[in-house]
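Heads up, the thing below is written out as structure tokens.
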Amino acid sequence: MSSTEATVFDVIVIGGGHAGCEAASAAARAGARTALVTHRFDTIGVMSCNPAIGGLGKGHLVREIDALDGLMGRVADEAGIQFRLLNRRKGPAVRGPRTQADRKLYRLAMQKMIAAQDNLFVVEGGAHDLREEHGRITGVVLSDGRTLSCGAVVLTTGTFLNGLIHIGEKKIPAGRMGEKPALGLSERLTSFGFALGRLKTGTPPRLDGRTIDWQSLDMQSADEEPVPFSLMTDRITIPQIDCGITRTTPETHAVIRANLHRSAMYSGSIEGIGPRYCPSVEDKIVKFGDRDGHQIFLEPEGLDDDTVYPNGISTSLPEDVQLDILKTIPGLETAAMLQPGYAIEYDFIDPRELKRSLETRKVTGLFLAGQINGTTGYEEAGAQGLLAGINAARRASGGDPVIIQRTEAYIGVMVDDLTSRGVSEPYRMFTSRAEFRLSLRADNADQRLTPLADKLGILGHARKERFEARETALDEARSLTQSLTITPNLASRYDLRLNQDGVRRSAYDLLSYPEIDLDRLKSIWPELGAVDPATREALEIEAQYAVYMDRQKSDIAVMEREEQLLIPAGLDIDGISGLSNELKHKLKQRRPETIAEAQRVDGMTPAALALLIAQIKKFGYRQRAASELSEGQGAA
């Protein structure tokens, strides 16, 4: 919906970036009267850094957002101009859907969805302060003096919280280039007792594509058959483009080394820690100086935009040095720089200050999502925003929080990592972070999470119908393949080599064999040809993983039993004999809610965990004894 003069809401979301859009949409879908506070409507959904969505691990998050009826997957499908399925030759569990996006199309598609959402009102203005009474959030004060009342706030400030841009020795207070930072909120968060830290991220210079020598470059094409992110997308209709590939050279490295003292990163100007997996070009040269070159992907920012994003040369060097660097890179020797690269520092809060609902422990009704929690990336932000929005709506209405377990989704893995371990650098999602990644595949996100969205009341009617139709088709195909059987002797007539043990095997069993798919089995059972392509792919993947999934289910059951063992809020940590003072301090500081969370506290040992479990059991005995005594006295 458009802007409103109303001042009373159930939920207020501060920030119109990727976390804020998902939070506002989710809260509104959950039935909360929601305000999205942002400086300007036309900056909603802006891609501040790279023009891409998805990738390894990140693509899983986008699919999970979509499965919960979030926005990012559908928006990316409307704006994607180079779809590629990463790790296509590897197993389905580690494949990563990705697309480059047209910045303008992405922004406009997101704004369209925000404007169309019932219960959602956009309030243009800056958030200056938070209102709190007796440890509970009550509202937001805008920079123009207006006060908005609410039952919960979701803070999604991105890089705007005390944001400071660095270009060489130049320092510019900003949330991103050309936009003012959020200053008052940091002071209020400090007054609440939160300890703020500083993190850093960076972006490369933007180039004029008309001045790049594309003919001298290797080119990378999109997939011939683009794989959409969203269940709601039938096919990709946006024209697909190529990207250029080039590399830094020894001359590039020489220019950088000669000017390291002028880099904000290496001159001591920047206090914040940057993302390890997205290093600046200065970092690459210093840490990997033995390499003769580093790859650069030249990514056009839009179908009708000449701006090019050179992915791989993020930098905080001065503008003149950036120009000298470009002259040493093949294909970029005469490239014009439209905007210099820069580093940006911003405040964040230790995510161990959060519950797994993403509500802060110190202030009831205050939720945090995105880079303020120490993460990096649009996808990580969007996933947190969606969960925070759901729980903010439930907090405002008096409902119980929704906790997504790490056994259920990459969202659960990320939130559990953040709230139990904290961050020492910007957190990025990888498939390797998930213990149960065979179960948490991108292709089965809908099966894992859409029933939850339905239960929570945030699932749209059209998606529910499509999901149920897909599940029905899969159930029917599974039943069909399980009903069709063949002996090893007969299978040999169709060039299927099976163990000659006389055991009949079903078509479903055969799909778990290497190089056997439904196309091959159609020669035996022609009726399999009626299975549609989407169902066929889902069935083949399911059958391939069936044996491994059964094993993983038992492992998940063990972890879930641990998750269910709650640590009572009144447990006397200091009274645990044999537990080190250091661990007592950490447990009191972080206040884990379950044994599984306590297990991930730094320094926790099996022996210490056993002491904690014993104390919980003693606490339970005392509670039961006190209850029985009270009941006995009442009866007397």
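The count begins at 1 with the first shown residue.
Each Cβ is built from the backbone N, Cα and C atoms, and glycine gets one as well.
Quick look at what Swiss-Prot annotates:
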BINDING   Gly15, Gly16, Gly17, His18, Ala19, Gly20  FAD binding site
BINDING   274-288  NAD(+) binding site
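Cβ neighbours of Ser280 (NAD(+) binding site) (same chain, under 8 Å, six or more residues apart in sequence): Gly202, Ser263, Met265, Gly274, Ser314, Thr315, Ser316, Ala343.
One residue stands out among the binding-site residues His18, Arg276, Lys284 for having the most other Cβ atoms within 10 Å of its Cβ: His18. You'll find the Cα of Arg276 (NAD(+) binding site) roughly 23 Å from the Cα of Gly17 (FAD binding site). Cys278 (NAD(+) binding site) has Gly17 as its nearest neighbour among the binding-site residues Gly15, Gly16, Gly17, Gly20, going by CA to CA distance. Proximity of Gly15 (FAD binding site) to non-local residues of its own chain (separation of 6 or more, Cβ distance below 8 Å) is seen for Val37, Thr38, Leu155, Thr156, Thr157, Gly158, Phe160, Gly370, given in sequence order. Neighbour counts of Cβ atoms within 10 Å were compared for the binding-site residues Ala19, Val286, and the top value is held by Ala19.
Checking each of the binding-site residues (Glu282, Lys284, Val286, Phe288) against Gly16 (FAD binding site), the C-alpha distance stays within 10 Å for none of them. Listed in chain order, the residues near the FAD site other than Gly15, Gly16, Gly17, His18, Ala19, Gly20 are Val13, Cys21, Glu22, Ala23, Thr38, Ile44, Thr156, Gly158, Gly370, Ala381, Gly385, each with its Cβ within 8 Å of the site Cβ centroid. With respect to their backbone Cα atoms, Glu282 (NAD(+) binding site) and Ala19 (FAD binding site) stand 29 Å from each other.
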